[in-house]
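Trainee: Can you read through this structure? Questions will come right after.
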Amino acid sequence: MEPARGSRRLRSCSCSLLFLLLAASHSWSGVRGQEGLQVLQPKDHVSVAEGETVVLNCTVPGIPPPGPVRWFKGKEPQRQEIYNFKGGSHPRIKPAALRPSNSDFSISISHITPEDSGTYYCVKFKKNFQDPDTELKSGEGTMLSVTAKPSVPMVSGPQERVNVEHLENFTCNSTGFSPKTITLKWFKNGNEIPARWIKVFPEGDSVSYNITSDVQVKLEASDVHSEVICEVNHSTLQTPLRGTKNLSDIIRVVPKVNISSQPLSLNGTNITCQVKNFYPQNVSVIWLENGTELEKGKTSEPTKNKDGTYSLNISLLVNTSGQKEAQEITCQVLHDSQLPINASKTFRAPAPSGTMDKKESEPGSQNIFIAVGIVCILLAALLIATIYLIRAKQKKAKGSTSSTRHSATYQEYKERPHSACPQEACSLKGRSPQTTRLHEPEKNARDLSQIQEANDINNDITYADLNLPRGKKSAPRPVETNSQTEYASIQTGPSPQREDTLTYADLDMVHLNRSSKKPTTRPEESYSEYASVQVQRK
């Protein structure tokens, strides 16, 4: 029995030794496999556009030890497993090889997004039956960069309509682009305008970036067809992207309201309210008479102007007959929910022709008043001058009818026929006294000058005109039917120096017929009467 026991012990020792030899051999082969293990990632950088599919290559050549291969994004301690060739919740990631392979562990990622950017590592693990798998070898890693196009710029401005002639701010935003470098420009109607500021964020490294900018634009009445443009350009774009903002969406052009009139008859006037150059086109018109609503605005459509604004004409017939007080007609325009705009005209009572005056006096009416005043002044001056000339002519005519004087010598006096001439009156001691006789108005100016010379020589001659009534004369001769005027001249000589004590006065009476005479065949007889007066000096 002892030999049997010995053989059993020998067999047990042989089995144990064989197991140890096998284990040692396995351990040695594992160490040798780990030392020669390679994990190859041939591409250290891969760039792909957003939305496309990328392949990340990984191969493990030779006979690797048992154990899985896994893909990670990032390094420890923040690395994240993305694929382990056992399936899982990664529908966009799958093996790149069509058939399973013990050496090719490449993967493909579809529908790339900027968030997929990063460094990916292929790692070989050793299989442990009881403990977790042990990492044997990691590849150098492949950096994946995703180029993302910027979004179409969004331009925003005022939320409500604003009146023209104001400065307004506009903002442009574009997001989700990569890499970070980008340019942005502002335009208005094709003309570049400077931006107030441009900002790209975040400032550090990121999988994608955003850009924002601001510009200030002055709104004008001609901007109905204008637009503000934000343009961005990026390396991922073949042509720049543009975002636009139509200024017609935000501007308000206040209408210009004018009221005019046209008389149609003695009792009526057509009033037209002109609403010009407004935007947007929603407008309503109300007529008021002395503040009381007459008629609401008509529903006629405004006409569109070339610059994009609108205009509207609305008419109203006003009866002006029988009015006793001023009548004010107002055109009230309501535009885009703003305060009313009024234009008024006033009928002044009475207004038979239907004419109206504006509340504010027009320059034309003032000019008419000035012209009328000047004409009146000229007419008054002309009237005064005319009256003055008439009176001057009357005075001149009156003066011309007065007596004019004519000088004659004493010899001429002697030669005149007369009935009796006293000797005392016909001789003046050797001096020839001058006798002046009053005569008809038709003597000329030459006779008057001669009289003036005679007066200068004989300053002591005194003249008197006697107009004797015709009825008092007792002449034996037949009296003419027309009235006659009698004239007399008195001549006084100088007093004698020694013995002369007498002063003589001769009266030459001439009868003239003042009325018009009928034509006769024979000439009219003229006669003269003479009188002599002798006064003795004391």
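Keep in mind that glycine also has a Cβ here, set from the backbone N, Cα and C atoms.
Curation does not apply to TrEMBL; its annotations are automatic.
Features from TrEMBL:
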COMPBIAS  399-410  compositional bias 'Polar residues'
COMPBIAS  437-446  compositional bias 'Basic and acidic residues'
COMPBIAS  480-495  compositional bias 'Polar residues'
COMPBIAS  529-538  compositional bias 'Polar residues'
DOMAIN    35-122  domain 'Ig-like'
DOMAIN    150-248  domain 'Ig-like'
DOMAIN    255-348  domain 'Ig-like'
REGION    395-446  region 'Disordered'
REGION    467-499  region 'Disordered'
REGION    513-538  region 'Disordered'
SIGNAL    1-33  signal peptide
TRANSMEM  368-390  transmembrane segment
Trainee: Over the domain 'Ig-like' (35-122), what does the predicted model average in pLDDT?
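Mentor: Reported value for the domain 'Ig-like' (35-122) is a mean pLDDT of 89.
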Trainee: If you run through the domain 'Ig-like' (255-348) with DSSP, how many residues end up as helix, strand and coil?
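Mentor: Reading the DSSP string over the domain 'Ig-like' (255-348) gives 0 helix, 60 strand, 34 coil.
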Trainee: Let's see if you can do this one: DSSP helix, strand and coil counts over the domain 'Ig-like' (150-248), in that order.
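Mentor: Computed counts for the domain 'Ig-like' (150-248) are 5 helix, 54 strand, 40 coil.
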